[in-house]
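Engineer: The structure under discussion is supplied below as structure tokens; questions concerning it will follow.
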């Protein structure tokens with residue numbers, strides 16, 4: 001039987017060794033790294049060819065970042081005297097308009113170089129290739145250090161961010177893309193730098209002359225779009241042929257985003273969609289990873305579903321309105337009926353909702369135009385609702401979202417694939433009634449089928465940072481059995497509550513660090529949680545957060561006012 005099976009006794013059997021999964025992973029990583037290095041080497045060679053004068057000044061070492069409109073390289077200045085200086089070379093894509101490039105340079109030269117705003121050292125140009133040389137600031141990834149920051153470090157971070165915003169707002173500069181990857185932070189040196197003014201716009205009284213040119217071009221473009229729409233509006237139907245020589249998709253995108261043309265650049269992904277998530281990941285031009293593809297928040301929040309449902313209700317009401325109008329004019333004479341019908345067609349509600357066509361009433365209306373450039377998750381309510389009058393307050397809102405991430409330990413806090421979803425997510429935190437009321441203040445109307453209450457920012461942040469889900473219940477119990485001693489303040493309650501669950505939090509973290517069901521180390525275990533100062537977060541922190549996230553841009557706190565807030569009472573400018 002043994003000979004039949006081909007197995008001889010007394011001889012050792014040979015088996016092929018099982019591959020080591022760790023060695024296999026290392027081999028894959030090495031292969032990917034070598035492939036990446038070869039690609040970076042080619043990009044550096046192409047940059048030397050595009051701008052030859054760089055080779056006589058800099059020695060480019062590595063490619064440290066790539067964005068939608070630029071790539072950034074790390075280089076050293078080949079100076080004859082003194083040590084080598086590290087420089088960040090920002091290579092703008094050739095399709096960027098000269099006015100936009102010049103405006104970014106003027107922002108860096110006029111406002112940069114102090115108060116945590118990045119400056120500029122040199123600028124090189126060869127044909128349509130432009131390279132901006134800036135001081136290099138080595139920095140940490142925001143997500144890598146988020147849960148390891150002490151509360152004092154959070155205070156310093158926000159203070160220096162608001163300090164930078166105060167600086168640029170003094171010159172009438174609206175950054176439009178304030179986010180952690182555009183605010184570089186060196187934790188060891190305690191240095192900060194606000195970067196990337198590629199989307200910057202000017203206020204009405206801006207001191208940056210070239211931003212006025214950008215703003216005037218955007219206004220002229222929007223006017224021309226509305227004129228063109230008025231001429232062709234009554235002749236174009238959905239699915240019909242577009243005017244000769246005009247790309248229908250391009251016309252639609254231009255109508256929705258006037259700043260998205262070649263000479264008024266906005267944040268677009270490679271798929272051509274502004275604010276796309278997942279398919280085109282926008283990375284920082286200074287090498288920091290963009291983690292907007294990860295989120296602990298669901299894509300479809302309850303409020304978003306409620307808002308989507310309100311559209312159906314609105315359709316019914318609009319259809320009823322259109323059915324009632326002819327009945328009201330039947331008693332009138334024929335001549336009057338004709339006049340009423342013609343006036344109704346210009347001002348009445350259309351009847352093309354929930355159909356596969358676009359009526360002449362909709363096509364004859366002026367296109368709503370407003371800038372919406374920026375990164376999803378950081379856009380203010382007035383940007384999401386296409387408010388035409390946008391000010392420096394949109395940067396303050398973005399700073400508030402960053403502060404919300406710092407206090408809650410969650411990044412990104414908001415993640416949405418479209419403006420409606422983003423607005424719904426804001427409602428789940430700030431409340432639907434408050435959002436609707438604020439929108440009315442700047443001339444916008446928001447419909448929601450059900451009221452969503454505003455959340456308490458302290459309870460929300462403490463729950464997300466790590467306290468158990470029954471935090472609010474425990475807090476209410478503690479307040480209900482308050483000590484008769486008046487010295488037993490609310491801060492003492494929060495500290496006791498934090499200490500009570502500290503051991504439970506640590507056990508939960510240790511469990512996450514052990515590994516998942518595949519035996520791999522969890523992402524949460526890579527960072528060491530720093531509890532220093534988090535046991536007694538003052539009420540002033542959440543008061544400032546509430547003012548930064550004011551839904552009404554007119555009453556939203558300014559950067560200058562925020563720096564004088566009691567939250568920064570012991571910090572000097």
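Every residue gets a Cβ built from N, Cα and C, even glycine.
Automatic prediction, not curation, is the source of TrEMBL annotations.
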Engineer: Under TrEMBL, the annotation region 'Disordered' belongs to which of these stretches: 154-194, 195-235, 236-276, 277-317?
Structural biologist: 236-276
Engineer: Around the Cβ of residue 90 (ATP binding site), how many other Cβ atoms lie within 10 Å? Please give the count over every shown protein chain.
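Structural biologist: Neighbour count, Cβ to Cβ under the 10 Å cut-off: 26.
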Engineer: Find the average pLDDT over the domain 'Protein kinase' (58-568) in the predicted model and report it.
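Structural biologist: Averaged over the domain 'Protein kinase' (58-568), the predicted model reaches a pLDDT of 74.
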